[in-house]
Ligand SMILES: CC(=O)SCCNC(=O)CCNC(=O)[C@H](O)C(C)(C)COP(=O)(O)OP(=O)(O)OC[C@H]1O[C@@H](n2cnc3c(N)ncnc32)[C@H](O)[C@@H]1OP(=O)(O)O
Ligand SMILES: CC(C)C(=O)C(=O)O
Ligand SMILES: [Mg+2]
């Protein structure tokens with residue numbers, strides 16, 4: 001029998017932390033953010049950024065508001081080295097921004113990294129070495145003690161010494177026990193405690209201890225437990241800025257980041273839209289906007305998110321997925337009818353300063369520089385709500401409910417035929433053709449209205465065309481609609497009953513027009529709508545009646561039987 005292939009994997013072990021605190025914590029302020037777009041993001045690209053692309057990204061990160069930016073791995077290549085030099089020599093680092101460089105715990109690479117930073121006002125030197133059992137065994141062939149002493153402590157001392165030799169720079173340090181997520185917790189603690197001592201970290205001059213899920217191995221609650229365990233058990237917590245660096249192998253990088261901040265981390269490293277090794281680094285935009293949509297200022301500016309996406313796509317030469325949280329082309333779009341209906345109603349109910357409570361829209365697209373245009377798009381999954389939303393937003397036409405139902409059937413038929421999405425323009429075109437242009441065979445030409453105030457009546461003389469031939473009508477009634485219906489019924493030899501009437505203004509000032517929707521029944525036909533718009537409100541009503549009559553006749557197929565007086 002074939003062996004079950006899943007047996008070659010092991011399940012992750014839970015952390016014994018019975019009194020864990022993080023599940024009840026609520027995040028109320030932004031963490032310290034570090035962007036590693038120019039390092040971890042860059043090292044994962046098919047074609048790493050050249051200096052021009054790196055500069056473009058660097059400027060964008062500053063514009064967004066990052067105060068700590070990992071600008072590269074200067075010992076990796078001349079491009080990386082030169083980029084750091086350029087930032088320093090051309091004085092391109094704002095006073096409130098600190099650059100950071102990464103180096104492995106290897107002497108020559110640490111020395112080269114310090115060389116790249118010569119003349120910097122401030123800098124963070126980030127030293128890492130792997131600590132996980134798999135790396136100790138297959139890469140280093142070292143015991144725990146050897147990794148602790150010969151990699152971590154020895155190189156921490158070297159970094160400190162090189163800093164002392166270059167006092168012109170305000171040095172800070174970061175140490176990462178790489179593969180923390182796959183390492184025994186007690187060993188991670190031993191390494192971290194030893195490195196904190198080796199760097200001489202104090203409350204006043206703290207060391208950044210960065211705990212990476214270099215590879216995401218477990219559910220995010222386990223990572224949070226590990227971070228809380230470290231937060232509570234390291235020897236000198238007061239001398240540490242506790243940082244985290246999640247990856248996204250299981251697709252839960254954002255959740256791991258959020259939980260770990262709840263678990264006591266002060267700082268988080270990630271990239272814009274989550275570019276990075278394999279499935280990517282933790283997505284800073286995702287978490288920042290999660291905070292924002294909970295009412296917490298993330299201290300990063302994403303008010304023009306599409307412009308940021310453009311820069312990121314240019315620099316990384318990778319597209320951002322259309323469903324990517326907050327930024328994807330489709331993430332503020334509802335296609336399904338019931339969603340559209342709820343959004344339309346919630347927009348109508350919303351007042352200017354209300355708390356944002358919008359079904360299916362966790363965040364106001366306007367806050368990110370997005371318009372409402374793409375919020376509702378209509379395809380075969382859509383209903384009357386979406387269709388009438390588009391007519392209202394794009395054309396100012398506010399259809400009465402029964403007309404929404406009638407018109408959505410017309411649109412559905414057109415969509416079933418074409419099988420494709422309908423744009424607002426398509427829908428506007430169908431509405432115009434079906435209702436406003438329904439002026440054949442009976443077309444409005446002119447009218448004259450005389451009020452008979454004594455009898456509380458009006459007398460209406462109307463000129464219409466029937467298939468292009470002029471025809472005069474006259475009638476009396478309690479208003480122009482009543483009077484016109486009287487004349488028209490006589491002409492047609494059929495009763496016309498007005499079932500419903502709605503009218504509203506479109507636009508204002510000189511360009512204002514009236515839109516009129518009249519539901520009528522011709523003879524014993526089923527009731528249907530006519531609609532018209534015109535700067536003159538009476539004209540709009542008369543045209544709407546003719547639109548309804550023409551539509552009823554067309555539906556009945558009796559156009560040929562009409563009567564001419
Ligand atoms: C999780 C992370 O993202 S960590 C950051 C990873 N990023 C990068 O690696 C990008 C930039 N890296 C590079 O350009 C190169 O890897 C360099 C320049 C750093 C090093 O290149 P090389 O010296 O050619 O080594 P290479 O990377 O191929 O292999 C690693 C070697 O270093 C050894 N090594 C790894 N860590 C250490 C260490 N801390 N001390 C000593 N040796 C080490 C490995 O055992 C291996 O040795 P071997 O060649 O004897 O088998
Ligand atoms: C160097 C470290 C922080 C890293 O990128 C990782 O472990 O993912
Ligand atoms: Mg990483």
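Using the three backbone atoms N, Cα and C, a Cβ is placed for every residue, glycine included.
For 40, 245, 247, 281, the entry in TrEMBL reads Mg(2+) binding site. Contacts of residue 281 (Mg(2+) binding site) defined by a Cβ separation under 8 A and a same-chain sequence distance of 6+ are given as 36, 40, 41, 245, 246, 247, 248, 253, 269, 270, 271, 274, 275, in order along the sequence.
Summarising the annotation, TrEMBL assigns domain 'Pyruvate carboxyltransferase' to 31-306.
The region 'Regulatory domain' feature in TrEMBL is assigned to 438-565. Residues of the region 'Regulatory domain' (438-565) grouped by DSSP class, helix first, strand second and coil last, total 39 helix, 58 strand, 31 coil.
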Residues sitting within 8 A of the centre of the 40, 245, 247, 281 CB atoms (Mg(2+) site), not counting those, run 36, 212, 214, 246, 253, 269, 270, 271, 276, 277, 280, 282
Densest Cβ environment (other Cβ within 10 Å) across the binding-site residues 245, 247 belongs to 245
Around the Cβ of residue 40 (Mg(2+) binding site), other Cβ atoms found within 10 Å total 24
DSSP, reduced to three states, assigns residue 245 (Mg(2+) binding site) to strand
